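Peer 1: Sharing the record's features from Swiss-Prot:
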type	residues	note
BINDING	Asp484, Asp490	Mg(2+) binding site
COMPBIAS	699-736	compositional bias 'Basic and acidic residues'
DOMAIN	551-610	domain 'KH'
DOMAIN	620-688	domain 'S1 motif'
REGION	693-748	region 'Disordered'
Amino acid sequence: MFDIKRQEIDWGGKKLTLETGQVARQADGAVIATLGETVVLCAVTAAKTVKEGQDFFPLTVHYQEKYSAAGRIPGGFFKRERGATERETLISRLIDRPIRPLFPEGFYNETLVIAQVMSYDGENEPDILAMIAASAALALSGVPFLGPIGAARVGYQDGEFILNPTLEQLEKSDLDLVVGATRDAVMMVESEANELPEEVMLNAVSFAHESLQPVIKAIINLAEQAAKEPWELVSYDDSALAAKVEELCYDNFDKAYRLTRKAERVDALSKAKAVLDEAFPEADPTEKLRIQKLAKKLEAKIVRTAILKEGRRIDGRDLKTVRPIRSQVGFLPRTHGSALFTRGETQALVSTTLGTADAEQMIDGLTGLHYERFMLHYNFPPYSVGEVGRFGAPGRREIGHGKLAWRALHPVLPSKADFPYTIRVLSDITESNGSSSMATVCGGCLALMDAGVPLTRPVSGIAMGLILEKDGFAILSDIMGDEDHLGDMDFKVAGTEKGITSLQMDIKVAGITEEIMQKALEQAKGGRAHILGEMSKALGEVRSEISNLAPRIETMSVPKDKIRDVIGTGGKVIREIVATTGAKVDIEDDGTVRLSSSDPANIEAAREWINGIVEEPEVGKIYNGKVVNIVDFGAFVNFMGGRDGLVHVSEIKNERVNKVSDVLSEGQEVKVKVLEIDNRGKVRLSMRVVDQETGAELDDNRPPRENAERRGGERPRRDRGPRRESGDRPARRDMEPEFAPAFLRKDS
């Protein structure tokens, strides 16, 4: 019934298994990949025909984590997997980016890749396994695919690289780097690093590429056993048509790409392309698409030739020059921190908001619930490129760009112990002509500094490009949108003066050598240093204090055995503290208490209240208190947060008090001295030895009572004679009839 094919390899000391032929047999290609006890199923399907008028490759990748994979049931009202989470979206992009360039030009069949995590052991991360499974499924499907690719994650600790580190190892690692690559070329890099030098980053990429070679070999072996017949790809001889397009458009395209302003250049290109419609009025839809593709190739040829032969870029810059930069902080008056960062025709308006611990992002996933205190959200409205388009919930691109900027800034943030705030950075791209994610990094850094967040060091980011031909290559600093589209590499680097914090690379062609990558990193280092210098003109260092509009957060510690006293039964005490003082109070299991309010006086009031609860009263010390209950023999006074003591009627005044309520009332503020604390913790207080106006201690001039140890004096014990033993007592039924109860009498 099943024709199962399997490949097993030892990969970094663990067994990696690729299997096909048992599950999802109706898909064009399906593979179950297993590493440890983590299992990912990936299935590939593709449409057999192309939709009419389609001129692009519609590849869709979906990655999904099943809660059942980790033995969990989804939280909340809906008990099933719902829309893609941010993590699932990011991993979908991680799978998409290295495989998309490997589909041949002209293949426009709709293709769907679905990767699902079916089992998760908490040790082997499923994202790398999903990339491998997707590559293997494509290799088996027969769909035109110039792969396969392999994937690997690299950590770095104590000067050593770690292949596919566990979650525990990643927490201690200075690097989290993911590489997707073919046998001969690196296609994709995604990383976060703790300010590592360029040499370490380059060696990490090389280590990953070498380490994933056994995976590629296993996929090839599996494909030799189980791959379907390859699809035929329709090709056209467009040499004559290409010559005609070049004849009609070359001069106008060349003039357009000498215009340095984007809007003028776009208008000129539109007019130049209008000539093609007039020249080919009888062209059918398919032929029109081919003409448009040839025109795009001609544009690329003009731009690439100018860069390689003349060293001239679209906007007139040389290869290393960064566009003019203008930075401004405090741009928005009511935010906690803000910055407007403009680089050429790319602009980001970024704000920072500080909040308390209850504003942390709750994330529910395979590893359970956890909370994130740093959030970065990136928005790309259509007006930023002068277009009409969808505006609303963030798309995959916005989520991906936001995460890239998050990785760049995250390593330089202070620890929660040093800066106990929840931090949200919001970046709105108001203009875009390339490298908007790196503008978010620069603007986000300035907004954080403006908000008073004590960063380790400022961070800047730059996008690099590459033009690669057989006779040479050129590396471009701070690429524009057109250079991104017409070039061969998008290489984003962010970091401090000390080292790299984030690196993302997407390569569209094979042949990127280690020499090219090394030169790109060195050129990016110079660009980042220049940008840091320009940023420092707006704000050279972190503000010494946070904004007056931001909440103040202070911490204190209480003994663990006192936590329940601070919280109170059903949270009664802590709710009273919050309601009375106006400060938020958060208590952790280790006894750490965080007090927050926009008014420092509220924080101080809450601190004093909590200190009053956890501190032990001291005999002989004077405290401020409040009468909470009046009884016949005195009054109960709350004098230390939740601590009450008794002021006996004799300790209210030196003179006799006949009725306590004549002197005191509930809610009255009084000053008391602690006289005694018994072995049960009950406290005896006195008001009469304290000046109720000043709080000063008074001399106790009242003479002590005689025989004070026994109120009312010693009374003689009445002698009732020897006590009878119980056996001497007459039984109830032996009582005299006249004294016995009626129901015991014999005559009753």
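Heads up, the Cβ atoms here are built off N, Cα and C, so glycines get one too.
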Peer 1: Pop the mean pLDDT for the domain 'S1 motif' (620-688) in here, whole number is fine.
Peer 2: 89
Peer 1: Check each residue in the chain of Asp484 (Mg(2+) binding site) that is at least six apart in sequence and keep those whose C-beta is under 8 Å from its C-beta; list them in sequence order.
Peer 2: Gly434, Ala463, Gly465, Asp490
Peer 1: What are the helix, strand and coil residue counts for the domain 'S1 motif' (620-688) according to DSSP?
Peer 2: 7 helix, 36 strand, 26 coil
Peer 1: Helix, strand or coil for Asp484 (Mg(2+) binding site)? Use DSSP.
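Peer 2: SS state of Asp484 (Mg(2+) binding site) = helix.
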Peer 1: With DSSP helix as H/G/I and strand as E/B, how many residues of the domain 'KH' (551-610) fall in helix, strand and coil?
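Peer 2: Residue counts in helix, strand and coil order: 32 helix, 16 strand, 12 coil.
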Peer 1: Inside 10 Å of the Cβ of Asp490 (Mg(2+) binding site), count up the other Cβ atoms and send me the figure.
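Peer 2: The answer is 21 other Cβ atoms.
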Peer 1: For Asp490 (Mg(2+) binding site), what is the secondary structure by DSSP, using just helix, strand and coil?
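Peer 2: Asp490 (Mg(2+) binding site) sits in a strand per DSSP.
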